[in-house]
Amino acid sequence: MAKSKNHTTHNQSRKWHRNGIKKPRSQRYESLKGVDPKFLRNMRFAKKHNKKGLKKMQANNAKAVSARAEAIKALVKPQAVKPKMPKGSSRKLSRLAFIAHPKLGKKIRSYMAKGRRLCQPKPKVQTKAEAKAPAKAQAKAPAQAPKGAQAPVKAP
């Protein structure tokens, strides 16, 4: 038995003609006549990885972004800063300082009061109807017999 070839040449030329054998680019176009094919190939790769163009594009993008940021800054007015209560060991002193402040005094008082209200645990208040309901439910349920015991038999 003969060994089979990995690469066959059978029908190869037909395959080439099916797709149309292409001439090198330098022969294909009138304008590129006499140009070195290797140079053209390199140009193709240069187009793909055009670093100079990319850098220009990035620079333009950066300019556009900075211009947009400046425009937004001009349009948006800075809002008043909310006073924040610092958390830590010096909270008491800073609280007193805030309260004594001529402008922030009122705001910080309401802000602190709100914080205190939110932190308090809410007491559970039971109504009379709710208090009676669990007691009735316990009374209605029959007492459970021990695990191995038999159910009582009713006499006829």
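Any Cβ shown, glycine's included, is placed from N, Cα and C.
What Swiss-Prot says about this one:
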COMPBIAS  1-26  compositional bias 'Basic residues'
COMPBIAS  134-156  compositional bias 'Low complexity'
MOD_RES   LYS5  N6-methyllysine
MOD_RES   SER31  phosphoserine
REGION    1-35  region 'Disordered'
REGION    116-156  region 'Disordered'
REGION    129-144  region '2 X 8 AA tandem repeats of A-X-A-K-A-P-A-[KQ]'
REPEAT    129-136  repeat '1'
REPEAT    137-144  repeat '2'
Rounded mean pLDDT for the residues that make up the repeat '1' (129-136): 59
Listed in sequence order, residues with CB under 8 A of SER31 (phosphoserine) and six or more positions away: none
